[in-house]
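Copied over from TrEMBL:
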| type | residues | note |
| --- | --- | --- |
| REPEAT | 113-147 | repeat 'PPR' |
| REPEAT | 148-182 | repeat 'PPR' |
| REPEAT | 183-217 | repeat 'PPR' |
| REPEAT | 218-252 | repeat 'PPR' |
| REPEAT | 253-287 | repeat 'PPR' |
| REPEAT | 288-322 | repeat 'PPR' |
| REPEAT | 323-357 | repeat 'PPR' |
| REPEAT | 358-392 | repeat 'PPR' |
| REPEAT | 428-462 | repeat 'PPR' |
| REPEAT | 463-497 | repeat 'PPR' |
| REPEAT | 498-532 | repeat 'PPR' |
| REPEAT | 533-567 | repeat 'PPR' |
Amino acid sequence: MLFAIRPVNMVRGGLCRPFGRSLSSSPVRTSPTGTTLPLLVIRSRVEEFLYPNVKSLDISPTDALKLFDEMLQQQTFTVFHYNRLFTGLVRNRHHHDVIEMYGRLKLGGVDSDFYTFSILMNCCCSVGCVDDGFGVLGLILKKGYVPDVVVFSSLIHGLCNVGMWEEGKGLFGQMKRDGVCPNVVTYSSLIHGLCQAGEMEEAKDVFAEMKKNGISPNVMTYSSLIHGLCQANELDEANAMFAKMKADGVSPNAITYSSLIHRMCQDGKLEEAKSIFCEMKSNEVIPDVITYNMIVFGMCNAATWREANIILCQMIMCGIILNTVTYNSIIYGFIRAGKFEEAMTMFVKMKRNGVAPDVVTYNSIIDGLFIAGLWKEVKVIISQMIISGVIPSMVTYTSVIHGLFHVGKWEEAKHVFLGMKANGCIPDVITYTSIIRGFSKNGKFMEARAMLSEMENNRISPNVVTYTSLVHELCQYGKLDEANLVFCEMKGKGITPNVVTYTSMIHGLFHNGQCEEAKIIFSEMKSKGISLDVVAYTAIILGFCSTGNWEEAKDILYEMMDLGVSPNAVTSNVIASALIKDGRVSEASRLLTLMIERCESPHTVTLNTLMHGFVRADRNPVGEHQGSISV
């Protein structure tokens with residue numbers, strides 16, 4: 001039995017052959033031509049080939065296999081020679097070949113040493129066979145060897161690579177307790193695993209320990225941290241780590257630059273992304289298609305079409321073939337900018353250039369059709385999509401459902417929803433929320449409630465957006481009692497209403513003349529510490545104005561400005577119109593003065609409203625304010 005746990009189960013294509021398997025075609029004591037070669041000739045060829053090639057890392061699996069066969073023929077080469085051969089293969093990342101050759105080496109009667117086992121363990125862990133890596137550890141212990149930092153590092157690397165970072169962290173602690181000092185590879189492997197798992201605080205703690213123990217981080221350490229910080233949307237920290245990396249004399253690689261560029265483009269910081277991209281090229285780090293695609297995406301998102309076109313030309317000049325992701329970025333950018341014709345032109349060009357559209361491409365085109373009001377063409381695109389072998393995703397169905405509801409085709413939307421389930425695509429919370437919102441917008445509250453019950457029966461929990469969609473539309477339709485029931489139901493289920501939920505309820509209650517109930521909801525909202533935005537404040541001010549509660553409206557306006565929330569044109573016009581309508585022209589004038597003092601420029605509509613009010617009141621404020629009013 002070769003392993004303490006179980007034989008290797010994956011080599012090529014994800015399946016591991018047992019180590020003991022020998023190739024039936026491998027020659028025994030004969031050359032590939034069938035003639036027996038003298039021992040000295042074979043040894044000379046082996047020595048001549050092996051040493052310089054291992055050193056230069058220039059060895060292919062085919063050449064290695066031929067050499068391995070010749071070595072096995074003579075049975076005079078020591079484990080030292082085989083270890084050198086395996087080292088060359090590992091340095092070229094041919095881990096699977098080493099695993100297979102080890103099995104034949106075992107059958108050939110060649111005894112392995114500690115170095116052989118270390119190489120084998122590294123290979124097992126690198127291809128995801130961590131259990132087999134621990135099996136090799138069993139062999140190491142059985143032979144009486146003491147595991148060193150290389151052995152522990154390989155196992156930690158393997159555990160972290162398959163997402164078992166907690167086990168990796170535990171083994172990291174064990175090696176230190178056993179008196180084995182971690183090196184840069186150990187620390188970097190653990191940090192990489194923690195970053196991959198999103199455990200950034202722990203990763204930073206390990207990094208601090210590494211520095212404290214005098215271990216200098218390498219490019220893998222820094223790149224893992226920078227990538228993790230970017231994934232966690234901590235761009236400022238990632239930039240600081242990037243600066244520290246360069247200050248420590250560690251040269252960034254393609255992963256480092258690409259991580260930063262991707263995050264910057266996602267955050268809309270295109271100028272910063274372009275700066276990093278230029279630095280990358282000036283430092284002779286060659287961008288690949290993934291990096292180029294990130295920049296193209298950022299430029300298309302920012303609608304900087306000329307710059308995007310320059311980057312595309314650079315890609316072509318560098319021999320980088322535009323792929324599906326490249327075209328998707330351009331098509332999405334055009335759709336987002338309302339340039340549907342350009343998007344369709346690129347879609348046609350994409351297919352003409354032999355690049356197959358994927359589900360993301362079709363989803364963008366479907367969104368564009370609805371935005372352009374061409375909802376009848378969606379069926380044609382979906383047919384093309386299915387004929388080309390692209391299966392509609394949940395996003396596809398949800399987009400179609402949302403688009404059909406938006407144009408008032410609720411029956412068609414319902415039909416698509418039923419088809420989605422019939423095709424085995426299980427709706428998620430986003431799909432259900434979209435259909436509940438759609439039914440509600442079209443006044444189909446019975447159907448909306450039925451969908452809410454269905455999603456709960458399917459153990460899909462409604463979220464705050466789901467409930468808010470229903471509450472908002474019920475208030476819009478004046479169904480305040482039903483809205484309040486849903487409002488209380490969501491709170492009863494532990495879902496905290498957000499600013500939109502509260503604003504919808506307050507606006508609905510004021511509109512229905514239920515001023516006291518609106519005040520109660522408003523007080524509850526404030527007591528929950530929910531921050532109001534300009535829309536929420538405007539709705540509440542409008543509510544107080546519409547019920548003649550001028551003092552409350554004015555207090556809310558003052559509170560709003562004191563908290564740094566700037567009134568917009570709607571806010572100022574709402575309160576000015578209400579005051580003037582009630583004959584309070586002087587108060588409206590004082591409001592205008594207050595807004596000017598607070599550096600809030602009133603909108604033209606507000607000024608016109610005030611002017612008409614003054615005219616009706618036979619007053620003219622122009623002389624009073626002409627030095628301070630600026631439109």
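Positions of Cβ are set from backbone N, Cα and C atoms, glycine also.
Not measured: the values here are computed from a predicted model.
Non-local neighbours of the repeat 'PPR' (428-462) in the same chain are 394, 397-398, 401-402, 404-406, 408, 410, 413-414, 417, 420, 469-470, 472-474, 477, 479, 482, 490, 493, 495; each lies 6+ residues outside the stretch with a CB under 8 Å from one of its CB atoms. The average pLDDT the prediction assigns to the repeat 'PPR' (463-497) is 93. Taking DSSP states H, G and I as helix and E and B as strand, the repeat 'PPR' (358-392) has 26 helix, 0 strand, 9 coil.
For the repeat 'PPR' (253-287), the list of distant contacts is 219, 222-223, 226-227, 230-231, 233, 235, 238-239, 242, 245, 294-295, 297-299, 301-302, 304, 307: same-chain residues at least six beyond its ends, Cβ to Cβ under 8 Å.
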